[in-house]
Amino acid sequence: MMSESSLVPSSIYIYEPNKGAAIFFAAAFAVSGVLHLWQCIYYKCFGITVLLPFYSVLLVAGFAVRAYGAFHYDDAQVYTASTLLIYLAPPVLELANFQILGRIFHFVPYFALMHPGRLLITFASLCVIVELLTALGVSYLANRDIADKLINLGDTVTRASLLVQIFIIATFFLMAGILHRACHIGGINSRKVIRPSVMAYLSMLLILARTIYRVVEHFSVPPPINGNVTGFDTSSLRPSLRYEWYFYVFEATPLLIALVLWNVWHPRHYLPEDHRTYLAQDGVTLLKGPGWKDSRSLTQTFFDPFASLTARGGHNKPFWENNGYTLKRRRATGRA
């Protein structure tokens, strides 16, 4: 753990940043990101995992700038840039997990809570809001040279963005949980459904842990406005500001593991390339359907994404009800 004597008065970070750690994480995210790009090309799955390479690009840039900042720790602009890039990455992974959940909805359409395309559009809109709040909040919060009221505004806006992220993650768990239970009751226990669902759970859980860390940080005692700690009682600072290891344990590590999980258990190991291919109700047979259609207007789908006021997906009778297969229902208390 970093000692009190390690605090550096001229450092915008308060401490002297660890050069090796920043370089390691920049390299690790680069390796994982390049592998994800190769997997997108090899498996022809840009429609499923295109956001994962983009997520890694943000973090490679963020940690590369932080590594540069470790040698120039008095440069406020470098600090702001690295902080902003790292903060912008988690919502992208959240959206990537929703994209994968949408593909699972395509694969078991009879259990889909909403049109898979509308799922992505709805939560992409929320993630855009989060990114805008994050960009505004962090740019103010990380800039120690602006007026105090703007820094306070930045802290408030950043808190709002984190709370919206908590809502997005909670909604994911709710929707994925309902899907998982429906599969269990309906006798669908194929690893092609269960495995990517479990990986999405774990990925989101890691992002949740990181977000809770940031929520606790931002809702505790505010940091000093001035980055210069000369003459300041450093013991009054929150530990997560005084000790850099908090950042690497609760921010960098979960973000990396959440990305590597999808390298190892890639969605295309389980889900088909064509989104029209779906699992029949017997849990074994693969069929090719016409794909989801939604004849409603954009306004209708925006205000009613779950199609609760109309027939599901704009169909009078869903296409999977004409395939000759039926679900084998089991009691909710039955064995998996």
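Note: Cβ is positioned from N, Cα and C throughout, glycine not excepted.
Per TrEMBL, the features are:
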type	residues	note
TRANSMEM	20-38	transmembrane segment
TRANSMEM	45-65	transmembrane segment
TRANSMEM	77-98	transmembrane segment
TRANSMEM	119-142	transmembrane segment
TRANSMEM	162-181	transmembrane segment
TRANSMEM	193-213	transmembrane segment
TRANSMEM	245-265	transmembrane segment
Problem set entry | Distant-in-sequence neighbours of the transmembrane segment (193-213), which means Cβ under 8 A and at least six residues beyond its ends | 90, 93-94, 97, 100-101, 104, 107-108, 162, 165-166, 169, 172-173, 176, 179-180, 183, 240, 246, 250-251, 254-255, 257-258, 261-262, 265, 267, 269-271, 279
Problem set entry | Distant-in-sequence neighbours of the transmembrane segment (245-265), which means Cβ under 8 A and at least six residues beyond its ends | 1-2, 18, 21, 25, 28-29, 32-33, 35-36, 39, 49, 52, 55-56, 59, 63, 86, 89-90, 93, 96, 195-196, 199, 202-203, 206-207, 209-210, 213-214, 239
Exercise. The transmembrane segment (45-65): which same-chain residues, six or more beyond its ends, come within Cβ distance under 8 Å?
Worked result: 22-23, 25-26, 29-30, 32-33, 36-37, 39, 78, 81-86, 88-89, 92-93, 95-96, 99-100, 103, 252, 255-256, 259, 262, 266-268, 271, 273, 275
Exercise. Apart from its near flanks, which chain residues at least 6 from the ends of the transmembrane segment (162-181) lie with a Cβ under 8 angstroms of it?
Worked result: 90-91, 94, 97-98, 101, 104-105, 108, 111-113, 123, 126-127, 129-130, 133, 194, 197, 200-201, 204, 207-208, 211-212, 214-215, 218, 332
Exercise. What else in the chain is close to the transmembrane segment (119-142), if you only count residues 6 or more beyond its ends and a Cβ gap under 8 Å?
Worked result: 76, 79-80, 83-84, 87-88, 91-92, 94-95, 98-99, 101-102, 105, 113, 150-151, 153-161, 164-165, 168, 171, 301-302, 305
Exercise. In the same chain, who gets a Cβ under 8 Å from the transmembrane segment (77-98) while lying at least 6 residues past its ends?
Worked result: 12-13, 49, 51-52, 54-55, 58-59, 61-63, 65-66, 68-69, 119-120, 123-124, 127, 130-131, 134-135, 138-139, 142-143, 158, 165, 168-169, 172, 200, 203-204, 207, 210-211, 251, 255, 258-259, 262
